[in-house]
Amino acid sequence: MTRQASTPPTRDTGTPTAPPSPPAWRHWLWLVALVAFVVLLFFLPSGQPGPTTSKLTYSQLLADASAHKVDTITIRSDGSATGDLKNGKPYETVIPAQAGQGFLDKLQADGVQITGTTHGGSAGSTILTLVLLLAPFLIFGYLWWRLSQGATSRMSGAAGVARSRARLFDEERPGTSFADVAGYEGAKAEVKELVDFLQHPDRYTGAGAVPPRGVLMVGPPGTGKTLLARAVAGEASVPFFSVTGSSFVEMFVGVGAARVRDLFQEARKRAPAIIFMDEVDAIGSRRSGSSALVSNDEREQTLNQLLAEMDGFDPATGIVVLAATNRPDVLDPALLRPGRFDRQVVIPLPTLVDRRAILAVHVRAKKLDPGVDLDAVARGTPGFSGADLANLANEAAIVAVRAGRTVLSAGDFEEARDRIILGRREGSNVLLPEEKHAVAVHEAGHALVAVYADKADPVSKVTILPAGQALGATQQLPLIERHLYGEDFLQDTLAVLLGGRSSELVVLGQGSTGATNDLAKATDLASKMVREFGLSSSLGPVGYPADGGAFLDGSKGLSTRPYAEETQAMVDAEVQRLLRQAEERATALIKAHRDELDHLVELLLAHETVDGADVYALAGLPAPENRPTEGAAPLP
Ligand SMILES: Nc1ncnc2c1ncn2[C@@H]1O[C@H](COP(=O)(O)OP(=O)(O)OP(=O)(O)O)[C@@H](O)[C@H]1O
Ligand SMILES: [Zn+2]
């Protein structure tokens with residue numbers, strides 16, 4: 001089942017201005033070509049001695065010379081020598097360093113023509129040697145230059161065409177204003193000061209105030225961080241330089257640093273200006289988190305250059321660096337020190353009020369049926385980001401167009417929302433009849449447990465239409481915006497997660513692979529309850545870090561968990577206890593309401609999708625909208 005109501009899947013909506021990162025295979029291709037070329041250069045001209053060239057030892061050479069068999073000799077400074085014998089055959093040999101002048105005198109006496117000296121070969125061969133030695137460096141340097149040029153031009157949109165002038169960023173003057181950013185009044189107020197500073201930098205320096213240099217916007221994807229940065233530039237009417245952190249991270253050491261330098265140089269020329277760095281964690285992450293391809297050296301150099309640039313520019317120039325990340329925890333602390341990104345603006349997922357406002361912005365250019373209640377749409381989309389809401393408005397319009405209408409109805413929004421939450425449903429059910437029955441039993445189990453467990457989120461839809469990996473789905477939507485989850489809610493959530501499997505066991509007498517995903521989610525939640533939330537009786541109030549990392553564990557050396565092995569055994573036992581308890585609860589509810597379950601299974605098999613309200617009707621309970629919402633008042 002898909003219980004994504006409170007956290008709908010965050011689709012990668014992408015930033016329209018973000019350049020595609022250069023494909024990795026391209027780098028590898030260059031590297032392979034380079035290596036092949038160098039290997040070729042080394043092997044071809046060095047001329048493996050042909051079969052007719054004989055190798056002579058030094059003493060053989062002396063003997064042959066005494067026997068007047070040697071015609072010529074060319075001696076090089078490295079001690080190697082080649083020449084021809086009187087019978088016309090070429091030979092090669094090595095002269096020991098101790099041979100000295102006496103050797104030359106002897107050859108002379110034996111009538112050998114000495115065409116080289118101990119001072120080295122011909123000028124031609126010296127140049128050849130030099131070229132061979134330098135070739136790899138020259139080629140490497142050239143490719144390096146090409147690569148940075150290529151990546152640069154890719155970034156500025158001129159795909160694949162190397163430009164002479166390096167440009168690694170988009171520069172524009174956005175027409176975006178704060179009116180385009182709906183909601184987020186607090187965040188907007190915080191960045192408004194930047195607009196004032198960008199318009200009158202002298203005013204700040206005149207008063208001896210230290211103007212802001214860097215502001216870090218922290219929030220999940222699609223919450224409008226890019227939009228807000230563009231709005232600041234638009235309001236201040238200053239140039240907007242935008243880059244993504246990942247575009248700095250190249251394979252070759254030094255490229256990223258050079259790009260950072262370039263970017264700041266260009267921005268300084270056009271100051272006052274805004275530099276916007278999306279995904280700043282790609283450069284600014286702590287030293288440990290490195291990908292296999294990119295060396296730490298490169299990342300560190302790029303980061304150091306960024307730090308140096310931020311320290312270096314004169315505050316009076318009027319450059320503000322806005323950076324965005326959704327992983328502030330991985331940032332190197334050096335980035336957050338005073339004078340760098342010392343201000344943080346948190347941009348969380350939009351609240352109900354924000355969602356209403358964002359929806360209003362995105363339906364501005366659309367015609368709405370009077371029946372469309374944006375408040376209701378906002379209520380039904382908890383956990384949606386701004387980008388999700390923009391997507392929702394667009395999908396609703398597409399649904400309307402498909403139905404041959406130009407005015408959007410309430411139903412269009414609902415269909416669009418379901419499509420986004422549940423994923424794209426396939427038009428027809430492709431399951432075998434027995435499978436379809438099993439899926440209906442499974443989903444009905446989730447739904448009924450959710451309906452009868454009072455703290456669980458209400459059911460809004462049950463379906464046995466497959467989408468992607470999931471064969472069916474039970475959708476729950478919270479009535480109120482939750483900021484805090486009580487133990488009773490978590491326990492009910494576990495029971496609902498296990499309800500699908502319990503139902504299969506009760507009705508069909510056996511489990512199936514259909515519960516895999518549910519079990520993984522339930523186990524994850526239970527282990528969080530025990531390890532992180534302190535919600536278990538045997539471990540008590542402990543909260544261990546979510547993701548272990550490596551810890552030095554006394555005699556046992558490196559361990560990946562922050563607690564002893566005995567504790568792990570307790571965690572395992574406690575997780576199992578929570579899951580068993582939830583399973584018992586689910587099974588008991590299903591057994592007690594077996595008639596309703598069978599009824600719901602029939603409905604699902606007949607209609608494939610059943611509305612939440614119908615599930616409550618069949619259970620003989622008032623639909624949640626009509627229930628008194630005790631405990632719904634927000635905490636003070
Ligand atoms: N507060 C908002 N008001 C209006 N539209 C919004 C808002 N927040 C997001 N959007 C819509 O979502 C789109 C994506 O937002 P944006 O790219 O700014 O998000 P982001 O936080 O930068 O995401 P990412 O972290 O993925 O880069 C915007 O172009 C806009 O259409
Ligand atoms: Zn399930």
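Including glycine, each Cβ sits where the backbone N, Cα and C put it.
Taken from TrEMBL as is:
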COMPBIAS  1-14  compositional bias 'Polar residues'
REGION    1-21  region 'Disordered'
TRANSMEM  27-45  transmembrane segment
TRANSMEM  127-145  transmembrane segment
DOMAIN    211-351  domain 'AAA+ ATPase'
BINDING   Gly219, Pro220, Pro221, Gly222, Thr223, Gly224, Lys225, Thr226  ATP binding site
BINDING   His442, His446, Asp518  Zn(2+) binding site
ACT_SITE  Glu443  active site
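Everything TrEMBL records as a feature, shown here on the structure.
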residue: Gly219; record: ATP binding site; Cβ contacts under 8 Å, 6 or more apart: Lys225, Ala324, Asn326, Val346, Ile347, Pro348, Leu349
residue: Thr223; record: ATP binding site; Cβ contacts under 8 Å, 6 or more apart: Ile347, Pro348, Leu349, Pro350, Ser385, Gly386, Ala387
residue: Gly224; record: ATP binding site; Cβ contacts under 8 Å, 6 or more apart: Val181, Tyr184, Ile347, Gly386, Ala387
Quiz item: Among Pro220, Gly224, Thr226, Glu443, Asp518, which recorded positions lie by ligand 2, judged by Cβ under 6 Å to any atom?
Solution: Asp518
Self-check item: Other C-beta atoms that fall within 10 angstroms of the C-beta of His446 (Zn(2+) binding site)
Solution: 31
Quiz prompt | Minimum Cα separation from Gly222 (ATP binding site), reported as the residue among recorded positions His442, Glu443, Asp518 that achieves it | solution = Asp518
Exercise. Find, for the listed binding-site residues Lys225, His442, the residue with the lowest Cβ contact count at a 10 Å cut-off, counting only other Cβ atoms.
Key: Lys225
Quiz prompt | Neighbour-count leader, CB within 10 A, binding-site residues: Pro220, Gly222 | solution = Gly222
Quiz item: Within 10 angstroms of the C-beta of Pro221 (ATP binding site), what count of other C-beta atoms is obtained when all protein chains are considered?
Solution: 18
Practice problem: Counting other Cβ atoms within 10 Å, pick out the least crowded of the recorded positions Glu443, Asp518. | Solution: Asp518
Quiz item: Restricting the comparison to the recorded positions Glu443, His446, Asp518, which residue's C-alpha is spatially nearest the C-alpha of Pro220 (ATP binding site)?
Solution: Asp518
Exercise. Tell me the residue counts in helix, strand and coil for the domain 'AAA+ ATPase' (211-351), as DSSP assigns them.
Key: 62 helix, 29 strand, 50 coil
Quiz item: Thr226 (ATP binding site) has how many other Cβ neighbours within 10 Å of its own Cβ?
Solution: 22
Exercise. Please list, in sequence order, those binding-site residues from Thr223, His446, Asp518 with the Cβ less than 6 Å from ligand 1.
Key: Thr223
Quiz item: Nearest to Pro221 (ATP binding site) by Cα distance: which of the recorded positions His442, Glu443, His446, Asp518 is it?
Solution: Asp518
Quiz item: Cα-Cα separation of His446 (Zn(2+) binding site) and Thr226 (ATP binding site), in Å?
Solution: 39
Exercise. May I ask for the distance between Asp518 (Zn(2+) binding site) and Glu443 (active site), taken between their Cα atoms and rounded to an integer number of Å?
Key: 11
Quiz item: Between His442 (Zn(2+) binding site) and Thr226 (ATP binding site), how far is it from one CA atom to the other, in Å?
Solution: 42
Practice problem: Report, in whole Å, the straight Cα-to-Cα distance of Thr226 (ATP binding site) from Glu443 (active site). | Solution: 40
